[in-house]
Amino acid sequence: METIKSVDIYELGSPGEKSSPWSSTILIVKLTSSNGNIGYGEAPTTFMTLPVKESMREVERVFKDQNYFNIEKNMREFYKHSFYLSRSMEATSALSAFEIASWDLIGKDLGTPVYNLLGGEYNSELRAYANGWYSDCLEPDDFVSRAKEYIKKGYTAFKFDPFRNNFDRIGNDGIKKAVDIVSAMRSELGENIDLLIECHGRFSTKYAIKVGQALDEFNPLFIEEPIHPEMELGLFDFKRYVNTPVALGERLLNKEDFARYISQGMVDIVQADLTNSKGILEAKKISAIVESFGGLMAFHNAFGPVQTAATLNVDYTLTNFLIQESFEDSWPDWKRNLFSGYRIENGHFKLSGKPGLGITADEKLMEKLIYDGMEEFNKNEPSWVVSGTYK
């Protein structure tokens, strides 16, 4: 019986990094097994770096010395001890990292990619949409010219937030500016480019509906988190008056919440995040629930390379896969070079086919990037926006 013999938890980052302030640090767990194999997992930060890191120490107490093949058992054991697991982002994120690393170990022990253990390859290439590409873009021409640079890289889908510094409410002027941006993107890039509208859960219901109705004519692929997350009942009214499909899910932490949203018709495209909703196996369960109600999957993927590799392994197996978020071409070099394995070419992700998650760590670089502290903070710009756009 192979067990987890040692656990190393790394906070990695580059002080002053501004390209993605919500992930200027990343959290990595390294599990070393009794046979010497190494598995990597990742937990998200999003202005929660230190509490998530401490929660990872709690998960370590449950997982260490256990048989990592027993994923269901180990997960349930932590669930038993963690009183607030179902509602604690810190707990679910920490647990997700260990679950992902366990799969990496299992795949390496068996000499096969994780996706082969989840049903095998259904999608050989995964269409990506660009995110993070529009830093410092404020005017329509800024968005269009930057998007054209990414089209040259092969991207055919772009997510962006055109709402600048509007929060809770948005007036006619703010709506007009957003419409001007989306209109320019549609007219300049054409109908064959998909536009994905990011709201970041910033609006109350009435204003979200006004925004959605104003943007319907541009036929977005989806509109993401149009309403404050705690105002979930407003989604019923939103969907009654807006035609664009609704996408959300990165703030939902368990399959039961996803089941409620999809079964009640509050969401069309589910953006679960493997690194805060209990990992790879739970992602498969969530995807199956979503598929049974005719929904599609477009996993949230805004942090680091281990998250991406884990997400792609699930994507490979899904019959209801729609599209995959990608920040890779907006990452700083340190994050891009930390792990190698998967690649993105001509706007599509491709895994390496190597055992486990299919990635290899640059451990020397990892040692150089060890960091202790919170993410970068700018009192004039919330952590969740793309830099230079909240003005």
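Glycine is treated like the rest: Cβ placed from N, Cα and C.
Remember, predicted model here, so these are calculated numbers, not experimental data.
Sequence-distant neighbours of Glu198 (Mg(2+) binding site): residues of the same chain at least 6 apart with a C-beta under 8 Å from its C-beta are Asn131, Lys159, Phe160, Asp161, Glu224, Glu225. Per Swiss-Prot, the feature Mg(2+) binding site maps to Glu198, Glu224, Glu250.
Residues near His200 (active site, proton donor) in space but far in sequence (CB under 8 A, at least 6 apart, same chain), listed by position: Asp161, Glu224, Glu225, Trp384, Val385. According to DSSP, His200 (active site, proton donor) is assigned to coil rather than to any helix or strand. Look at Swiss-Prot and you will find His200 tagged as active site, proton donor, backed by similarity to another entry.
Of all Cβ atoms in the shown protein chains, 25 besides its own fall within 10 Å of the Cβ of Asp273 (site 'Increases basicity of active site His'). Annotated site 'Increases basicity of active site His' per Swiss-Prot: Asp273, in sequence order, evidence recorded as similarity to another entry.
The DSSP secondary structure for His300 (active site, proton acceptor) is coil. Taken from Swiss-Prot, the feature active site, proton acceptor covers His300.
Look at Swiss-Prot and you will find Glu325 tagged as site 'Transition state stabilizer'. Following the DSSP three-state reduction, the secondary structure of Glu325 (site 'Transition state stabilizer') is strand.
Between Glu325 (site 'Transition state stabilizer') and Asp273 (site 'Increases basicity of active site His'), the C-alpha separation comes to 11 Å.
Other than the site residues Glu198, Glu224, Glu250, same-chain residues with C-beta atoms no more than 8 angstroms from the centre of those residues' C-beta atoms, the Mg(2+) site, are Lys159, Cys199, His200, Gly201, Glu225, Ala247, Leu248, Gln271, His300.
Calculated from their C-alpha atoms, the gap between His300 (active site, proton acceptor) and Asp273 (site 'Increases basicity of active site His') amounts to 5 Å. Listed in sequence order, Glu225, Gln271, Ala272, Asp273, Asn276, His300, Ala302 are the same-chain residues at least 6 apart in sequence whose CB falls under 8 Å from the CB of Glu250 (Mg(2+) binding site).
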